[in-house]
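Student: This structure is in structure tokens; I'll ask about it shortly.
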Amino acid sequence: MFEIITPLFLSLIVGGTLVGIIFGAIPGMTATMAVAVCLPLTYSLGLDNGLALLLGLYVGGISGGLVPAILLGIPGTPSSITTTFDGYPMAKRGEGEKALKIGVVASLAGGLISLLVLDLFAPTLADFAIEFSYVEKFLIIFFALTVMAALSSDMLLGVFSGVLGIFVSLIGVYDISKGGNGEMRLVPPGLGYWLENGFSLLPVLIGLFGLAAILEQAEIGVPKGHSTKDIKVGAHSRFSFNVFRGQSFNLLRSGLIGTFVGILPGVGGSAASIISYTNAKTFSKTPERFGKGEPAGIMASEAGNNGLTGGALVPLLSLGIPGDSTTALLIGAFTLQGIQVGPLFIGNNPGTWDAMIIAMLIANIAMFVLMYFAIRYFALVVTIPKHILFPVILMMCVIGAYTINYGIMFDVWTLLIFGILGWLFTKIRLEVAPFIIGFILGPSAEVYFVKSLESFGTWTIFFTKSWIAIVLWVLIVGSIAGSILMARQKRRMEDHG
Amino acid sequence: MGNLTHVTINFKTSHLIFPTIIACVLGVLLVAIVIRDRKRIAASGAYWRDTWGAMDKPRFLGALALTLVYFSLMVPVGNIWPNTGLGFLLCSIPYVLATGILFMHERTPRAILPLLIVALVGPTFVWWLFTYPLFLTLP
């Protein structure tokens, strides 16, 4: 197991974590963007080393968001939104460094809790899922899409986004290698040459998460960077581990909430940190201190969002369903190396599975060491001018899209098309995460659906195949009913002011 | 009852089954959205006017235009020196510089100098990395 740990493997994790922290620390840039931009670099690294880099970026990117959240009151990533509630008030009263270190320690705790759950839970779930037939596999995808849509900010638009993603994924040939008939569909006249195999996954992802984010920033005029004068690390803020006394349960609960939210497809880190924060406040003996610089609030938020990292890998590695947009990008790394993720992945690739667990562990430790001891330097990252960063990122997006299929210029145009679409989605309130997960799962959903009907010759098979199918239907109906109830409750609360 | 639930899949047309179902679901969802959000959709003219009004047009449209020109020129320039990746290198340097200047707020020579260095070093390093150690041909 430990032969995986080579100097290259270690340096890729540490380097990835460092770059990830930098991406996370710059408002407007996210862990997803970091992974999207660096994905083509994994091309010649091999799967284990490539994943080491990407997992480092993922852990670093999620953690780095706490730096501007605390020092500037601006969440570096969506998942650090609740860190601003108590982190920024602490920074304003001169306790910036203390708040940052609380966040770093809580991030480590959340990351390790989720890693433990990943290590214990994913192989068990995968072993269970191996028994699934086409019917159950289709229902699992259906369930994933309903959960994701149900937890969208607007259920109807969330469902629409997911189904639109499936529709776009069906463009091109019905793949013979997956049991299809090799016939083309949904391809506009004249584009058959380019769209024979549909839109490539990675240019789509890089467009939606890289180019679209920069277009959004360009639309608002690429806000000026912050100067060192804006940063209040606090010269005399002493940090002591005593601040964590009595907070073990808060850390554990938040880490587990983050992990659970991560397991749900497409929900994202902001939900993880908001639910963790709300719970910490509800169960606190001093809820009135939350929002005014309460360390327990930072702990809940950061343990929650880092809990997401391991959780989001559980459905990816056991069922082939990405837990969030960043893990959706990891599918790209597996695709590049010709490996399919799903129930058989862990059993067939024990070396890669071990490498991923070790990489996640080292990435969490590296994140802690780097951020704990060099937090004052990371604070300066927020001052890097965006007019230098963004053009370089755009160039890296082009490289990523172009090299992914060994040099096809249409993939670069795909990047532009989906970059503009991603920007447009935010304008018309469509959601990118359900779209992407629909896009990734669409072709599999088609194969499982059609093969189920071909094999059994009846629609009722989706309800009668096994007890697992019945349980999945109960979960599907439950998730839809739950989301309708939540939407009604929300509307009632809004009506009552 | 059995006949109602019985399904026979014609292999020749099996590629159309799922897309047809998904298109129908999309249509139903679209109708539901239009019915629910009809007031908002009716008022969308004002929304788009506001969006257009609030937009930093030079930066947004300029970035799009520069990107279009960049993508369009890369292959023709690359074809002058085939399989060298020089199309990428020669187009990326001005693209990074021009986009950086477009995004910049105070365009002084002192502010442009670091950008110029990045515009020269960044694409050159990436071109070298992909052409030599990674053996991936750029346009």
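Backbone N, Cα and C atoms are what each Cβ position is placed from, and that goes for glycine too.
What TrEMBL says about a protein is an automatic prediction, not a curated fact.
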Student: Using TrEMBL as the reference, determine which range in A:18-39, A:194-215 is annotated transmembrane segment.
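Tutor: When A:18-39, A:194-215 are checked in TrEMBL, transmembrane segment belongs to A:194-215.
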Student: For the transmembrane segment (A:134-151), which recorded stretch in the set A:194-215, A:255-277, A:432-450, A:462-487 gives the largest number of Cβ pairs separated by under 8 Å?
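Tutor: By Cβ pairs under 8 Å, A:462-487 leads among A:194-215, A:255-277, A:432-450, A:462-487.
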Student: If I count Cβ-Cβ pairs under 8 A between the transmembrane segment (A:156-174) and each of A:255-277, A:355-375, A:432-450, A:462-487, which range comes out on top?
Tutor: A:432-450
